[in-house]
Structures are given as C-alpha cells and as structure tokens.
Amino acid sequence: MNPYILAILLFGLGLGTTITFASSHWLLAWMGLEMNTLAIIPLMAQHHHPRAVEATTKYFLTQAAAAATLLFASVTNAWLMGQWEIQQITHPLPSTMITLALALKIGLAPLHAWLPEVLQGLDLTTGLILSTWQKLAPFALILQLQPSNSTLLIILGLTSTLIGGWGGLNQTQLRKILAYSSIAHLGWMILILQFSPSITLLTLLTYLIMTFSTFLVFKLNKSTNINTLATSWAKAPALTALTPLILLSLGGLPPLTGFMPKWLILQELTKQGLAPTATLAALSALLSLYFYLRLSYAMTLTISPNNLTGSTPWRLPSS
C-alpha cells in the first residue's frame, strides 16, 4: 500500500477514536465510530485475498448494522427525552438499544459471531488493530452510559466469558483463539463496569498490553496455527521461552500479571453480593486457561519436527 494512503488511513483511525472520546453529543460520537470503521476497511482488504475481502465485507455489514442501531436509539432518546447528551440516557428503551449496539460493535456474546470469522481472514497486523484500537471508542461510550441496565450488562459479561472460553477449546487457528480470548476478556470488563470503572480500565490496559505482545510474537514467528508454533523454538529460542509467560498471563494464572485484574473483579463482585456470578466467571476462566496451556505446550514442551532429508538438502546428490 502507498505510504501516503496508509498514513491518511491511520490518521483517520486515530481521529475517529479521538472524536468519540471527546464528544458529549450522540451524533458526534456516532460520527467518530463511522470514521473508525471506514478507515480500517481499506487496511483489511489491502491484500485482495478472497478471505480478506470476505472478512472485510462481514465487518462492514456488522459495523453498519450496529451504527444504524446506535443512531436510531439516540434519535429515539432525543425524541422521548428531548436531549442528545451521552451521559443523560435515562429512558430504558434507548439505553438498552445503545448497550446492545455497542456490544455488537466490540463483539460481546451473544453478538460475537462475526469476530472470529473476521479476524481469521485478516493478517496479524490488521488483526492486532481490530483487537485493540477498534475496541477503545465503543468501550468509552459504554463507560459513559449510566448503569440503568445492570442486569443486561451482567448477562452480556457472563455470556461472553463462557462463550470466550468454550469457543476457543476446539480451535487450531491462532487468530480464532485470539478472537475468543478477546470476547472472554471483554466479558470480564463488562461484568465489573457498573461497580468499579477503575478496575475495568485496569483490565482493559493489561488486556491491551498482553494482546499486543501475543500478536507480535505470532507475527515474528509467522505463525497462524498451532502446528507452526512447534517449530518456533528453532527460529527464536529466547522469545519462545518467554512467550508462555504472556500466554498464561492472558489466561489469568496466579503469579502472573493477568491474574491481578481477575482477582480484583472477583473480589468486587463478591462485595456486591454477586457470589454466583463471580463463581461462574472464575470457572469460565479455567476454560480459557486450557487453550492457553495448549499453546504454551506446543511452543515450549514439544520437540520441533527434525526431518533430516528435508532440513539438510546440501547432503543430497544433485541429480
């Protein structure tokens, strides 16, 4: 891609998110989200591969549907309540619709089905932008909504943690595993959102750092499925030895960084008298931990295939 066009698209991505962050009016927030979507679409389709074009089309249709629902809900709110302020959504109908539209934007279960499919069709760099940067603007809007629909948020959060755990179990494609990982982590954030926004932001920050590291490791190894991870020891031994720490941290294994936000979330949920919710969330984390353990095992505890005739072509007679 032409570097000037790339610079303009990346600037558009940054500007869209900034506009949504800075807005207090629903129309301006909607405009920022639309700029975000339109700026990433050429980046997604730049390789002209059929899978990439398919993923781009799915992404565009999903985001357009979510944006249309958001606009409809905000217009409904202006019609019912007479104002456009983001923080003044008091009527339950627009509030629920906006929450569901934003859940579709970031891929919360049960509105998650597009995310693994789209991520699987992209290269790892664009997938990284989709998994991190594209989540920020809708998440900022969810944070600003008054928690008038607390039950809906808890249902979305619990469903996401469970589906994010179960969905990743049967996968061999790394991008799909990372998509389900994203769904599960966002579920944890949504669970605690109404009780402690500061813990939500801490969880988001640790998720961004860990996901960024994971995508970069896979990009360095040129890995897109579990089989190719087994040969990564030969390519970069030092990095491969450290990668399980990142993966198990994503899974939330106790001594590592990823355990801290999960611990704080469970503690806060218990304080709020939601012990059953906390128990379900903690059990769903075990599902996620299983597939991270599988990735760690493939990377560090298996011997890479050692095919002598294949690896030493200079020994064979050239006939």
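Start at 1 and count along the chain as shown; that gives each residue its number.
Even glycines carry a Cβ here, placed using N, Cα and C.
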Checklist outcome for this item: As TrEMBL has it, transmembrane segment corresponds, among 1-23, 93-115, to residues 93-115
Item to check | For the transmembrane segment (233-253), sequence-distant contacts whose Cβ falls under 8 Å of one of its Cβ atoms, 6 or more beyond its ends | outcome: 181, 185, 210-211, 213-214, 217, 220-221, 259, 262, 285, 288-289, 292-293, 295-296, 299-300, 304
Item to check | Range from 60-81, 93-115, 151-170, 177-195, 273-293 with most C-beta pairs under 8 A to the transmembrane segment (201-221) | outcome: 177-195
